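Here the structure is laid out as structure tokens; the discussion comes afterwards.
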Amino acid sequence: DLRKAMSQAGTSQFQEVIRQELEYSMKVELDKILATAPSNELEHTKKDLEGFKKLFHRFLQEKGPSVDWEKIQRPPEDSIQPYEKIKARGLPDNIASVLNKLVVVKLNGGLGTSMGCKGPKSLIGVRNENTFLDLTVQQIEHLNKSYNTDVPLVLMNSFNTDEDTKKILQKYSLSRVKIYTFNQSRYPRINKETLLPIAKDVSYSGENTECWYPPGHGDIYASFYNSGLLDNLIAEGKEYIFVSNIDNLGATMDLYILNHLMNPPNGKRCEFVMEVTNKTRADVKGGTLTQYENKLRLVEIAQVPKAHVDEFKSVSKFKIFNTNNLWIALSAIKRLQEKNAIDMEIIVNPKTLDGGLNVIQLETAVGAAIKSFENSLGINVPRSRFLPVKTTSDLLLVMSNLYSLNAGSLTMSEKREFPTVPLVKLGSSFTKVQDYLRRFESIPDMLELDHLTVSGDVTFGKNVSLKGTVIIIANHGDRIDIPAGALLENKIVSGNLRILDH
């Protein structure tokens with residue numbers, strides 16, 4: 001046992017030496033990069049690299065999954081409240097004064113590359129020529145006009161989306177919404193083998209675009225604080241932010257949740273509220289809220305030991321998942337940020353660059369900070385508040401007659417008999433938005449659709465109706481054209497059909 005202990009001590013000593021060497025080498029490389037920064041970017045770059053250094057230090061310290069599975073418990077009953085209970089409290093007469101304490105923040109750092117688009121994802125047209133950003137501005141403008149309030153919109157951009165977004169913001173100059181932006185940090189990607197940055201200088205254009213990345217939405221706390229915007233909004237009397245992904249079309253401002261935050265029934269305000277919703281089979285990988293060491297904690301699939309992944313995915317044990325719609329007290333962000341007390345697990349995201357080089361990105365997730373805040377709460381909201389558009393399959397749903405559009409908000413059509421959304425799987429011929437749009441002369445009637453699978457070279461004529469379960473598969477080299485006016489109900493179509501009997 002003594003020999004074993006000595007060898008373990010030797011191993012940990014050796015590991016510590018390697019860690020220190022890696023940190024020193026990283027510091028040398030980052031100093032070299034910083035030395036290339038022009039004077040007007042020096043301060044900003046310095047802050048970014050300091051933040052990255054802290055993250056890298058923690059990355060070297062951590063070993064294995066960051067949660068001890070045995071300590072994970074179901075959250076206590078009262079720590080996740082049903083939305084119906086919050087709504088049943090009604091609204092006070094002074095709802096406008098409550099609204100004036102709110103800021104809407106949208107996470108706008110992502111590009112539309114997964115849907116074959118260049119530029120910010122928020123500028124993709126999703127409904128009647130309106131983009132994600134248009135719909136967001138319309139929602140807040142409607143709110144400000146209806147209640148005579150001044151709710152501002154804040155966009156957290158990344159270096160990838162900032163320039164294009166700022167150009168487009170000019171078109172809202174006359175709208176009744178104050179719009180602010182700040183940038184999340186810019187961190188260097190690191191070589192998987194050497195654990196050193198692949199960037200040699202600060203530039204991030206041309207061939208250097210692949211050297212840098214925005215480090216996930218967990219970066220919101222530091223970059224919001226560093227931008228000075230957090231202090232300005234507090235000075236204006238703002239108290240809460242409502243944060244959500246800009247591609248989640250269900251994440252509209254909710255007066256009942258806001259009222260619950262501002263006028264808590266027990267008199268004790270929550271610093272952090274996470275909207276969760278019930279899992280379906282499509283959501284088994286979503287992060288879930290658990291009780292861990294007497295705190296609410298978000299556990300993501302990447303943190304789960306391999307032996308317990310199936311248990312984590314189980315819909316019976318972990319019934320809910322995080323929608324990433326969050327309500328957070330501004331004063332709490334300021335307090336925790338100044339104490340350097342926001343603790344978020346590191347997500348190691350491996351990537352392979354175009355040239356074949358394997359790199360890693362160190363990231364954090366905004367919801368993981370829930371355990372650092374006081375008096376946190378989960379609210380189990382209806383599924384309609386989670387309507388993300390990640391693929392063209394999602395896009396088909398939100399463009400269809402399943403939803404009606406009113407003042408920038410999408411609501412499920414009353415003509416749909418089921419509250420659930422159909423399951424849609426479009427094949428690789430539909431992945432890019434421009435290909436997808438070319439394949440539909442008009443969006444089919446989907447009010448009575450349960451399931452749609454489309455694979456291969458398939459096109460849809462005008463005024464097609466889809467009902468029940470529809471599967472359309474064009475084999476390799478074949479093509480299927482669904483003619484105008486066709487009604488497909490519980491049908492499997494395969495082979496090579498230019499005109500379908502209907």
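Counting begins at 1 with the first residue displayed.
Heads up, the Cβ atoms here are built off N, Cα and C, so glycines get one too.
Those TrEMBL annotations? Automatic predictions, nothing curated.
The UTP binding site annotation in TrEMBL covers Lys121, Gln184, Gly216, Asp247, Lys390.
Other Cβ atoms within 10 Å of the Cβ of His217 (substrate binding site), summed over all protein chains shown, number 23. The annotation substrate binding site is assigned in TrEMBL to His217.
The local packing around Lys390 (UTP binding site), expressed as other Cβ atoms within 10 Å of its Cβ over all shown chains, amounts to 14. Closest in space to His217 (substrate binding site), of the binding-site residues given as Lys121, Gln184, Asp247, Lys390, is Gln184, taking the CA atom of each residue. Its Cβ taken as reference, Asp247 (UTP binding site) is surrounded by 22 other Cβ atoms within 10 Å in the chains shown. The local packing around Lys121 (UTP binding site), expressed as other Cβ atoms within 10 Å of its Cβ over all shown chains, amounts to 24. Counting every protein chain shown, the Cβ of Gly216 (UTP binding site) has 23 other Cβ atoms within 10 Å.
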